[in-house]
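Some features that TrEMBL has for this protein:
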type: SIGNAL; residues: 1-23; note: signal peptide
type: DOMAIN; residues: 131-276; note: domain 'DUF3152'
type: REGION; residues: 274-297; note: region 'Disordered'
type: COMPBIAS; residues: 288-297; note: compositional bias 'Basic and acidic residues'
Amino acid sequence: MLSRLLLPLVLAVGLLSAAPATATGPTPVAPAVAPTSQPAPQQIVVREGPKVKGTHRFGKTLTRSVGRYSVGGLQIRTQWLRDGKPIKGATRWKYKLGVRDVGHTVRVRVTVSRPGYRTLTHRSPWRKVKHVRDVRRTVKYSIATNGKMTTSVATFKRQVAEILDDPRGWRAGGIRFKRVKSGGSMTIVLAQASRVPTYSSACSSTWSCRVGRHVIINQERWKHASPAWNAAKGTTLLGYRHMVVNHETGHWLGWHHKSCGGKGQKAPVMMQQSKGRNGCTFNPWPKPSERNVPRYR
């Protein structure tokens, strides 16, 4: 009887011992599949580099050609450079040469790109930017003061030199000005207002004046401009200084006073803009028609 009861139990234990064991180690990891390699970018070959067309003189407009390359469909980026450095905002196909460009080199940088190709950058040859006209006369001048000075004479000397060398000024007519310690052909005087009439009875303590070799700048006008100038929209004290130095120097160069050519036009620099404009807009620089000065014709 007992053997009959134990037989099923023995058989069950045997079946359990014969079952395969379950693995307790880490789950096998599938081997990594190497990513598909991307083709190397192709090279863009320059057939002809970018070029700049136009005259490298103040006020002129330069244009660029992008050049020719081994592939088409390229994206073009343009950047004009001054002395090798990017000119802010100069990213179009054309560029007008300004005051800051004179005496410096200007060139263009063209960058071409296309998906699947290496980006390529190329620069045009550089050229130095000149004044409107080459030097035909050199005027030596000195600086003097007359009376009590209530403004910076050092600033006066510096700004006068900047005005006379500015490409928008008499330098555009081929007249170069060189300051010397004393003498020269012209003396530019910063004068106390009450001293201005001592040069001539035609001069006033209110305004600046020119008498013979002396270009006399009224210190009060230098410091404060004039009521008419200050009342006009968009004018500045520095702009007045540009105008008054150019105006009085223009007298030394042989010009008499000029009048407004028509409402809305720029005033000639030889117009008495300190007193008013008569319909013209204020203008501190000689107009092209004023550049051929009588003294050096």
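A Cβ is built for glycine as well, from the same backbone N, Cα and C atoms used for every other residue.
Computed from a predicted structure; not experimentally measured.
Remark: secondary structure over the domain 'DUF3152' (131-276) totals 50 helix, 30 strand, 66 coil, with classes taken from DSSP.
Helix, strand and coil counts from DSSP across the compositional bias 'Basic and acidic residues' (288-297) read 6 helix, 0 strand, 4 coil. Residues belonging to the domain 'DUF3152' (131-276) score a mean pLDDT of 98 in the model.
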